[in-house]
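Single-structure report; data block below.
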Amino acid sequence: MASHTNFLLHAFVWLALATTVFSLSPKFYDKVCPQALPAIKKIVQAAVHRERRMGASLLRLHFHDCFVNGCDGSLLLDSTSTMDSEKNARGNFNSVRGFEVVDQIKAEVDRVCGRPVVSCADILAVAARDSVVALGGPSWKVRLGRRDSTTASRTLADTVLPSASMDLPALINNFKNQGLNQRDLVALSGGHTIGLSQCSIFRNRIYNATNIDPAFAKERRATCPLVGGNTNLAPLDPTPARFDTAYFKNLVKKRGLLTSDQALFNGGSTDKLVKFYSLNPDAFWDDFAKSMIKTGNIKPLTGKQGQIRVNCRKIQLKHDFQS
């Protein structure tokens, strides 16, 4: 009995130490490379200044990375002869973008740090925060120390990424599988206050939905025909280059662009929160920041797990530089 108790005590101490050593921390790079975060911020700000839409694209990269086997930079990997990239998944193909900005950030961060110490997964997390700030949104302390995966899964991405056609129960279940609750679902969906969507994604809603403002549907049909124009873009809310509460105000008016957007305000359990956010920007900002931190904590690789990639698009081979 004593030995069993002793084993449990040692196991508890080991677990506590492991948690202490390998948990993510906003101060992770403070000593090893204090120039890292300012370098990321500078490039993100420049990229968003050049093209406002890039802010939404970088935010989406982090989100789509974290939902597939955790925040591990797997989305950034290109296809190889033995691996099909997550970029080819239904929710990503011809849709996710901003990879060249990530490449630019990685090169600059490795330069200022003198060596590859900042993971691609951490770059995505910081770039998402800096993008939101660049578009007038809230800031938060990004917890750091993620490592990069050595694999990717298009099959898993096809299964777990939320779809623009999902109804509320499907969305709730999808987020629950990632450890996120209904409040997280609504707050994070508010990220659609920035950015644009392609006609092929919202066509069915503007021609067939009943829970849509007729004037809004007509307006959107002008640039999204029944046939063709699949890549024509429309704003997700009236102010797609500004992080505000227009997204939620739109939902209350039945002017959500995506089926999954309007599902949040359609007589269900999230209606009250949508209405609350539409009237309380500070509450939305606060909850969005908290939910982004939770998202960034989804199954990160830490400690000696994974690797630090030199090239975010390629797995680091054993004969290459080891980190």
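Cβ coordinates come from backbone N, Cα and C, glycine included.
Here is what TrEMBL says about this protein:
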- HIS64: active site, proton acceptor (ACT_SITE)
- ASP65, VAL68, GLY70, ASP72, SER74, GLU86: Ca(2+) 1 binding site (BINDING)
- PRO162: substrate binding site (BINDING)
- HIS192: heme b binding site (BINDING)
- THR193, ASP237, ASP244: Ca(2+) 2 binding site (BINDING)
- CYS33-CYS113: disulfide bond (DISULFID)
- CYS66-CYS71: disulfide bond (DISULFID)
- CYS120-CYS312: disulfide bond (DISULFID)
- CYS199-CYS224: disulfide bond (DISULFID)
- 23-316: domain 'Plant heme peroxidase family profile' (DOMAIN)
- 1-23: signal peptide (SIGNAL)
- ARG60: site 'Transition state stabilizer' (SITE)
Inset, instruction - List the same-chain residues at least 6 positions away in sequence whose Cβ sits under 8 Å from the Cβ of GLU86 (Ca(2+) 1 binding site), in sequence order, or say none. - result: HIS64, VAL68, SER74, LEU75, LEU77, ASN92, ALA152, SER153, ARG154, LEU156, ALA157
Inset, instruction - If we count other C-beta atoms within 10 Å, could you say which of the disulfide-bonded residues CYS33, CYS224 has the fewest? - result: CYS33
Inset, instruction - Using C-alpha atoms only, work out the spacing between CYS199 (disulfide bond) and ASP72 (Ca(2+) 1 binding site) and round it to an integer in Å. - result: 30
Legend entry - Mean per-residue pLDDT computed across the domain 'Plant heme peroxidase family profile' (23-316): 97
Inset, instruction - Using C-alpha atoms only, work out the spacing between GLY70 (Ca(2+) 1 binding site) and CYS120 (disulfide bond) and round it to an integer in Å. - result: 13
Inset, instruction - Report, as a single number, how many Cβ atoms besides its own are within 10 Å of the Cβ of CYS312 (disulfide bond). - result: 22
Inset, instruction - Could you check which of these recorded positions, ARG60, ASP65, CYS113, THR193, CYS224, ASP244, sit within 10 Å of CYS71 (disulfide bond), going Cα to Cα? - result: ASP65
Inset, instruction - Give the distance between the Cα atoms of CYS66 (disulfide bond) and HIS192 (heme b binding site), rounded to the nearest whole Å. - result: 17
Inset, instruction - Ten-angstrom check, please: count other Cβ atoms within 10 Å of the Cβ of SER74 (Ca(2+) 1 binding site), all chains counted. - result: 28
Legend entry - Those recorded positions, out of CYS120, PRO162, ASP237, that come within 10 angstroms of the residue listed as 'heme b binding site' at the Cα: ASP237
Inset, instruction - Sort out for me which one of ASP65, ASP237, ASP244 has the most neighbouring CB atoms within 10 A, since those are the binding-site residues we care about. - result: ASP65
Inset, instruction - Taking the Cβ of THR193 (Ca(2+) 2 binding site) as the centre, count every other Cβ atom within 10 Å, in any protein chain shown. - result: 29
